[in-house]
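Engineer: Below is a structure I'd like to ask you about.
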Amino acid sequence: MALLSATTAICHPAERERARQGASIFADLSAQELKEVKNFLFSRPDLRLSSVREENLKKNSIFLIELHVPKKSEALRALDKGHEKPVRQARVVIQFGDQPHPNITEYIVSPLPNPTCLKPRTFKSKQSIKFESRPISLVEYKHLTKTLKEVTEKAYRILMESSGFSFHNCTDRCLTFSDIAPRGVESGERRTWIMLQKFVEGYFIHPVGFEVMINHKSLDPSEWFVEKVWYNEQYFDSVEELVEKYERGEVRKVKLGEHNDEDLFSTYIPRGERNTPNNIHGPKTVLPQGPRYRVDNNFVEYAGWSFAFRVRSSAGLQLFDIRFNGERIAYEISLQEALAFYAGSSPAVMQTKYIDAGWGMGTVGYELAPGIDCPEVSTFIDLYHFYDTNHPVRYKNALCIFEMTTNTPLRRHYNNNFRGGYNFYAGLENTALVIRTTSTVYNYDYIWDFYFYQNGVVESRVSATGYIHSQFFTSDGVNYGNKVYSYVLGNLHTHLVNYKVDLDVAGRQNSFESLSLKYENITNPWSPSHFIVQSKLHRTQHEKERHAAFPFGKTLPRYLHFYNPNQKNRWGHYKGYRIQFNSHAYSVLPKGWKEEKGVTWSRYPLAVTRYRDSEMTSSTIYCQNDPWEPVVHFEDYIRNNENIVNEDLVAWVTVGFLHIPHSEDIPNTATPGNAVGFFLRPFNFFDEDPSVASKSTVIVRPHKDSFTKLNTQRWTPEVVGHCVSDKPFYYNGTYYEV
């Protein structure tokens, strides 16, 4: 990757170089490394590996290869002390279907790039991974499609009379399907509800009122069978029963009417009138003199910030070794899991509890469109994944990095002289660096952002868009959402996103407190016969993990303060950072309910734990299809109730929102109002706002002899550039009656 020019460097050259060199510790496996791991595994006759594309399900195959991040202590020895970097390793998931008791085993393969060692990887729970919990593969989808064709062929007449579309023997009037998870109601099952939809643009919002549950637990697809059928609010034990009763006139029939190809309902094609001229482009992000940030492989520098990044195939974007002016703020800030739990009156939707790591959330980030997904001037980066494939897959331009202006000042002040003029005006434009990826998980598109501001603030933001998940409208549908088309219900659901925030504020030894306000009623010292009621700071020190786990339903303290009790700023305050929420999340299921056991992180907007190498993630790719007996049970991280005073702490942050779809969600959910996240804000970490180092500040003072003359101080070029404006900066500042 080309090195971009930078105007801002880290203040301490030695730390900067160690950070730059150390970023490769966290770099995703290259295409060549992925190939070497695969070749090494296939060279092992004891594994008896087959191609993942072999149609036989009774096979041993590689499902996933990705970077195995080293232990934190090993990484820090290289980053902070200049020791040799840890050996690069790969995490590998192998599905062993060709044995009497099929299972899934994870391995650590090392050293890279020339592996020679293979050892099993276990979870803290020591549980084995049930074969039924595996993510669904393309080969299994192929068999499901074949089974569905056989099933729907029996219901051909019903489908044609009801919708005018069919799943088999079709041309331009075809049906497609969406499969629902989890696949069953208890651990060890693999039976899936499948919803039929018109295969048109935006098919997610074209359900036809036909759903079928297929049991596909057997590794022999010829043994798969239908357990239930749902048609127009009626249940049947088999397709044959539905057909028989339909032909006898014992079924309430539905007819959607002739499909209108001119109906743009689910498309992006513009319609309607707008008073915006369409012969000119709208505003664009520009870089008048070129980029002010630097990207060196997976290492990024900007305005005092530096960090390393990777995109984990199973979960998505991760940042490591986040520093400001060479001082580490956090060791890791990473996406862990996203869920969307639905409610509805059709069996498919009432069963829908999407847990997105189980769909390879990091691998479904596709090419980003310049000018729409990211500014045209962005740095675009390719990603490589090895997920349900025989070879590494290149995802072109799947990540972007750019600097943007918020078009709101970072700071400004107009100092009024109250005589029609001013003493001075000063301001600093607010710019930020953004690193962005997306995940298109079936119908939904998530936009994952991290913003780095000049004043030491980091913002994590997720914006939701894409198509809503919908069902065929039923008589009681309005209890579960809103009607968005003549036969379509947009189903209510809750989005939750979990992040791991491993803060190292001025070092690894941190403590956690919450700050709130209490009223005090005191005698007025300058008028003793009166009283003053005012707010007073109230600090609560959280000493144990259980005390620092804040459940949904209880008020979350407004100031959540992580600080180093061994380091103070110039004014005698402990150096700290605080977490500030931008979220209106709530729990998705009652505590302890069946599927809730797999997402116990969703109980808390914030839970603080002591760092453990055995507690690296809050979820796994297996939780989607076995939430009932998860191999990672987040509640276990809190259950031992360890001390969190003056320790290495991790904050597990959950944000989200309730979405009750409405007509304005057609054709897609829009991002305004559907973005949530959190901020990491310095709280006495610095001696003053570190953005005072920015040379983009402008100060204007009136000339002592004339308001028409200006004394302007600036430290950047006076003329921004012809792509923005060819006029120099001008400011008057007076006001007067007219």
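Along the chain as shown, the residues are counted starting at 1.
Heads up, the Cβ atoms here are built off N, Cα and C, so glycines get one too.
Quick paste from TrEMBL:
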type: ACT_SITE; residues: Asp356; note: active site, proton acceptor
type: ACT_SITE; residues: Tyr444; note: active site, schiff-base intermediate with substrate
type: DOMAIN; residues: 32-116; note: domain 'Copper amine oxidase N2-terminal'
type: DOMAIN; residues: 134-232; note: domain 'Copper amine oxidase N3-terminal'
type: DOMAIN; residues: 284-691; note: domain 'Copper amine oxidase catalytic'
type: MOD_RES; residues: Tyr444; note: 2',4',5'-topaquinone
Engineer: Please identify, from the active-site residues Asp356, Tyr444, the residue with the sparsest Cβ neighbourhood, meaning fewest other Cβ atoms within 10 angstroms.
Structural biologist: Tyr444
Engineer: Taking just the CA atoms, what is the gap between Tyr444 (active site, schiff-base intermediate with substrate) and the residue listed as 'active site, proton acceptor' in Å?
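Structural biologist: Between the Cα atoms of Tyr444 (active site, schiff-base intermediate with substrate) and the residue listed as 'active site, proton acceptor', the distance comes to 10 Å.
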Engineer: So how many of the residues in the domain 'Copper amine oxidase N3-terminal' (134-232) end up helix, strand or coil by DSSP?
Structural biologist: 31 helix, 31 strand, 37 coil
Engineer: For the domain 'Copper amine oxidase N2-terminal' (32-116), what are the DSSP-based totals of helix, strand and coil residues?
Structural biologist: 24 helix, 29 strand, 32 coil
